[in-house]
Amino acid sequence: MRVREKLKHKAKDFLRTLGACGSGELSHRKQMEAQTKLNLQERRKARSLVKTVINVVHKFLVLLVRWLSRTVYGEHGKRMPPITNLILMESATSLAAKIRTRKLTSVEVTQAFIDRCKEINPLLNCVVDQRFDEALKDAERADKLVASGTMSVEQLEREKPFLGVPISTKDCIRVQDLLHTSGIWNRRNIRGEKDARAMELMRRAGAIPFALTNVSECCMWWESVNTIHGRSRNPYDTNRIVGGSSGGEGCLQAAAGSAFGLGSDIGGSIRMPAFFNGIFGHKPSKFVVSNDGQYPIALSEEQNSFLGIGPMCRYATDLKPMLRIISDENASKLRLDEPVDLKQVKFFYQINDGGAHLVSPVDMDIRDAMEKVMGHFRTTVKAEVKKVYLDKMRKSAPIWFANMKTPSKVGFDAQLVNLEGKVNPWLELAKWPFRMSNHTLIGIMTALTERAGVQYGTEQYQHCVQLKQQLLAEFTEMLGENGVFIYPTHPTVAPYHNEPLIRALNFSYTAIINVLGLPATAVPLGLGREGLPIGLQVVGGVNQDRLCLAVACELERAFGGWVAPEVKA
């Protein structure tokens, strides 16, 4: 009995000791976990503090650069030539109808736009090449076709809906015999051997290519300036930018120098120029319009899904027929002729990105205009309107930058020299202050900083890819097949020249839509308090472009659309 009791006591002592050890180990583990959490919180606080300091410094720099810009440039740019020929005030659709019914001749129309280009280009520098003489010969042939009676008015409307109307495009979309430089010095003598597919389709529809417009270097910046053709200037204030990379095109349209045109968009290159110049611009759904004939080309299928050629014009009525033509065999996917009842459309809107790092706050003019628009759809159209907050929009810039990465080893340093070797960005940076470099400062800086960002295949890259997929799922669920998302095209009106250098990430408002592959239409809403265009973008679900276009037409009817640039001294 005594032996058994001793064994029981020893067993209890052992269990107590084991329990004490276990609780000690557990306590130690909890302490370690608590310390880890504390360290993590401290790191987060430190990062937050660093971000706060950077944001404060950035805001100070923005204010300083704005003050310097106003001091250097003055309140307003040079005088804009007035629009005196009423032909210039009509839509491309209206001009085509008058040409095929012999109320106007194509020669008259083409000559009017040629004269306007010659009048405004010395001031705006938006046209970089032209085929004026050849365009007039094409116009004569169009008039002869109409006069011959071999095709009825109905046939012409159906088969050549834009017969005799002059069209322009940017210097990265190939036009036969015109320059095809994309703003890259090493391509300064390259000319198009044949039309890009989209321009080929427009020409087949009767449109007459007549002018080529300016772009940013390598089409990868949101101010249109390069060392071949120089800088384009905004028709509402020549001290301000025209946007990029379809900036020259947006400028020419706004100044009534072209009836309509084609742009391209990988991060907002149609919508930002459309916004800054007060016109309409549509980025189609992914894979709808052929990118054949563009340069630079997409380096992966993913990049190709972000890139899209689309219409740019002063009047919303031109968007649908243009998109129908350039989408070609994919037009059936878009169901463009299916009527849209705006009362049945669900409207979602968000007035900003939630406060992204180093992105400007949205101007009050733009916020007020958006609220008026939503009020219109609530009260006049009687549609369902809901204000939303998509938190991941704050990560728009990182998501775009990461998803633009490809397995290819081709960097921006190679793109700057037309893939003919690589540029030495440090050497170019040293040459730039002495005007000895063939590249813009932003081009050089992009080449320098490209390798420092998120790299393809890394953990950060995978995280951003997941964010994109999650955000796309949110959009898909929210929009369905009858919803649109109203969002600022850009947080501010057109800044002064060179100001984008200090506001670089503001392009994220448009870029995120490219990553998602969604269609979006930039819609002008008149002029703000600075006398510069304001507007918004209308985003739809994949292949729901017709909803965007229907909303654009309604907003043009309700709010006036394009406003001719005022003539100022």
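Heads up, the Cβ atoms here are built off N, Cα and C, so glycines get one too.
Under the heading domain 'Amidase', TrEMBL lists 108-549. Mean pLDDT for the domain 'Amidase' (108-549) in the predicted structure: 97.
According to TrEMBL, the active site, charge relay system annotation covers LYS170 (among others).
Per TrEMBL, the feature active site, charge relay system maps to SER245 (among others). With a cut-off of 8 Å between CB atoms and residues at least 6 apart in sequence, the same chain places LYS170, CYS172, GLY183, VAL215, SER216, CYS219, MET220, TRP221, TRP222, SER224, SER264, SER269, PRO273 near SER245 (active site, charge relay system), listed in sequence order.
Among the features that TrEMBL reports, active site, acyl-ester intermediate is placed at SER269. When Cβ atoms from all protein chains are considered, those within 10 Å of SER269 (active site, acyl-ester intermediate) total 36, not counting its own.
Neighbours of LYS170 (active site, charge relay system), defined as other CB atoms within 10 A of its CB across all chains, total 35.
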